[in-house]
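> Next up is a structure, given as structure tokens.
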Amino acid sequence: MNAPFVVSPVRHDWSRHEIKALYDLPLLELIARASQIHALYHDPNDLQKASLLSIKTGGCSEDCGYCSQSARRDEVHLDRVEMMSPSDVLAVAAQARDNGADRFCMGAAWRQVRDGAAFDAVLEMVEGVRALGMEACVTLGMLNQSQAQRLKQAGLTAYNHNLDTSPEFYPQIVTTHTYDERLATLEAVRGEGIALCCGGIIGMGETVEDRVALLAILAGFDPHPESVPINALVPVAGTPLGDRQKLDPLEIVRMIATARLVMPDSRIRLSAGRSSLSREAQILCMVAGANSIFSGNVLLTTPNASLDADEALMEALAPR
């Protein structure tokens, strides 16, 4: 065996070397270990369904290489949508709840939160989602401590702010903001006691070492992020990463299993790219430790598995 068996308690001092040893395990051994740890910390039959809505689409000032919403992407065909009204957002949230989602996530395409009418509307949305009996999550870019405090007071459950990749590879993906700025936002959110939703994207041209470095940073947070989205790049024509090849599904499985081992108490969310996976590949991801998915036909601006496909997946997991 190439790595020690992972047991409780939860650790926050994982080295890159230790995580790399886990990542490099033979796949069946890696999945077996991750599945065992998953069962120690979670009900294996518990699969959270979250729903994600773009409440403001396109026109973003940033240049994230994977994203279709940048205002710098003249070659991308995207219908811009200005800020949705709270009533329209809450109608979508209610429908998501009726479709089985218990968390509703709202994303706005901008660099950072700015105080004013738009942010006030977001606060109203958060309050409304909580009143529906759902968890509320937002992804709004960078923010400061006082804005995090207002979100907390509105009842926000979690704030999504992905680190995407390693600090070393990040400048090859984004140039309009820094990794340290991302970390500062996470610190502001943590300072108000809001749960972190923080993960990354694989398939952007990064190395295994970059993936390991990302996991080491996430696993170094105390507490660990409440949820860790593992996204597979969805190449969008016209973006700098639009010509990337489709990721091998087993790379997604390996990333999820390693994340489960080093963050045993977090929800690991099988996120973007899921629509390209077969039903069997998705189930293998769940065996390896994924216990949350996004439900709905679209994730912000990229395709997601259909509701009918997800219904068939749920039936396969737990026949009625």
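Backbone N, Cα and C atoms are what each Cβ position is placed from, and that goes for glycine too.
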> Select one of Cys197, Cys198: the residue that Swiss-Prot places in the [2Fe-2S] cluster site alongside Cys105, Cys137, Arg269.
Cys197
> For the binding-site residues Cys60, Cys137, work out the Cβ neighbour count at 10 Å and name the residue with the minimum.
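Least crowded of the binding-site residues Cys60, Cys137, by Cβ count within 10 Å, is Cys60.
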> With a 10 Å radius around each C-beta, find which of these binding-site residues (Cys67, Cys105, Cys197) has the fewest other C-beta atoms nearby.
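Comparing Cβ neighbours within 10 Å for the binding-site residues Cys67, Cys105, Cys197, Cys67 has the fewest.
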> Within the same chain, and leaving aside Cys105, Cys137, Cys197, Arg269, name every residue whose CB is within 8 angstroms of the centroid of the CB atoms belonging to the recorded [2Fe-2S] cluster site, in sequence order.
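Surrounding the site, in chain order, are Ala50, Leu52, Arg103, Thr139, Ala158, Asn160, Ser227, Pro229.
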> Whose Cβ, among the binding-site residues Cys64, Arg269, has more other Cβ atoms within 10 Å than any of the rest?
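That would be Arg269, with the highest Cβ count within 10 Å.
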